[in-house]
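Feature list (source: TrEMBL):
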TRANSMEM  6-26  transmembrane segment
DOMAIN    29-101  domain 'DUF1736'
TRANSMEM  174-198  transmembrane segment
TRANSMEM  204-224  transmembrane segment
TRANSMEM  231-249  transmembrane segment
REPEAT    274-307  repeat 'TPR'
REPEAT    308-341  repeat 'TPR'
REPEAT    342-375  repeat 'TPR'
REPEAT    472-505  repeat 'TPR'
């Protein structure tokens, strides 16, 4: 039996080691990296602070098991203030916790070692117990002896090995099992062997709670057995029943917090206001409650002003509501808080590009592309943002007509000397899996179009549509290529399809109108132009091209109207006033 036990332990140890090794290999043979806010104690420079805090945290976890009055989905950041001095009164809790744990472990091991076998019965502290339980009082021993004698008469025909199967473990063994379930699964979360990415996590108490419940049960039973008076026994029984009822009610109440994300995050405000308000802002934003979401983000920043993610989320909310100056302010704060936040650079560059500040936008996109791929919170999102920055940088030069400059920038980023189009291909190969490739494929097609390499351009347009069949830009650019190569009817189908995919997009009508204009279908082109200008009356290119097409169709009065509207959009550009 001992050999079987050692074999089981060895098998479990080997299997556990193998799993840990495989996981470490998948993680690149290095431990995971966490932000400072996930585990502030681990980031503290003071050895005393780290030690006192790490010793205190198991005490806090035990209190959550004893009295789960205050629960939270997240205990990071400042949810549990650091213990910075020995004079902190919470150290008394730590001392009491470890003293009680050592005392309980010592008494269990001492009681277990005094157990010995005698005539097939377990003898505990000189008392015989046929069912293997230790006797907590003389009365219990006598009662058990009578019951054992009575049972032996009734089970006279049962074989000896069957009787042994009915034996229950001793109280001391149950306590040892309880402590094992309570302590061993919790050890990896104690920061003893490595730092973990949380302060307290209620999920790590699931398995330890089994040992805790078993320990409470053993304690209640011991009290019940030792009680001499019936009143005391009834009191213990009623107290235990009340405890179960109240814990059950608490479970029902807590389940209400988990009904949806909004209720869960609201319930965590009193424990971790910065994180809870931030997450609540995301939920409210998804529900379309913009003003409430903005208030939630600002509340989160009130409690913790340097949260880069929250600064970025607030900037994104403001950008989506056309409050670009405020959005730029918060994006810059987010970059200042976390200089590697590529998505903040990306959106900053997009706003600057739309505001006509092309040089600032170019510098922003370039700076984003130069961020090193090390110590990133989300490497996949970072790669996606960098790829988008390169895409927008190329688009910026494309619109300015500096195609060669765009290729040179990409070559500089990748530090290669071979052909620029090969760099685009390499960029596509290196993009993260979750990145939607249709825009890059379409950009590759446009690059070949500019170089008049139409077969290659068509191949990439088809790839773009294959990766996302409803990608509108690819429909428009492929339609232009088909028209250029003489496949007019096929080209028209793609323009019409683009309009069907999004009838509210003026740009689609504009491209179709230009196609009709080239086919000398002037009246139809004029109708498409007016439709485009009505839908996108704040987009200069759409309005200006609409005026041009109306003039080509000899609809001069309507053309004048849209020329005037275009000049109003860009009143300081002399060419347009001409």
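Note that Cβ sites are derived from N, Cα and C of the backbone, with glycine treated the same way.
When the domain 'DUF1736' (29-101) is classified with DSSP, helix, strand and coil residues number 36 helix, 0 strand, 37 coil. DSSP states for the repeat 'TPR' (342-375), grouped as helix (H, G, I), strand (E, B) and coil, give 25 helix, 0 strand, 9 coil.
Tertiary neighbourhood of the repeat 'TPR' (308-341): same-chain residues 274, 278, 281-282, 285, 290, 293-294, 297-298, 300-301, 347-348, 351-352, 354-355, 371-372, 375-377, 382, selected by CB-CB distance under 8 Å and a gap of 6+ residues from either end.
When the repeat 'TPR' (472-505) is classified with DSSP, helix, strand and coil residues number 27 helix, 0 strand, 7 coil. Taking Cβ pairs closer than 8 Å, the repeat 'TPR' (342-375) reaches residues 33, 308, 311-312, 315-316, 319, 324, 327-328, 331-332, 334-335, 381-383, 385-386, 388-390, 392-393, 396, 400, 409, 413 in its own chain, all 6 or more past its ends. Broken down with DSSP, the repeat 'TPR' (274-307) shows 27 helix, 0 strand, 7 coil.
Residues 37, 72-74, 76-78, 261-262, 265-268, 313-314, 317-318, 321, 337 of the same chain lie 6 or more positions beyond the ends of the repeat 'TPR' (274-307) yet place their CB under 8 Å from a CB of it.
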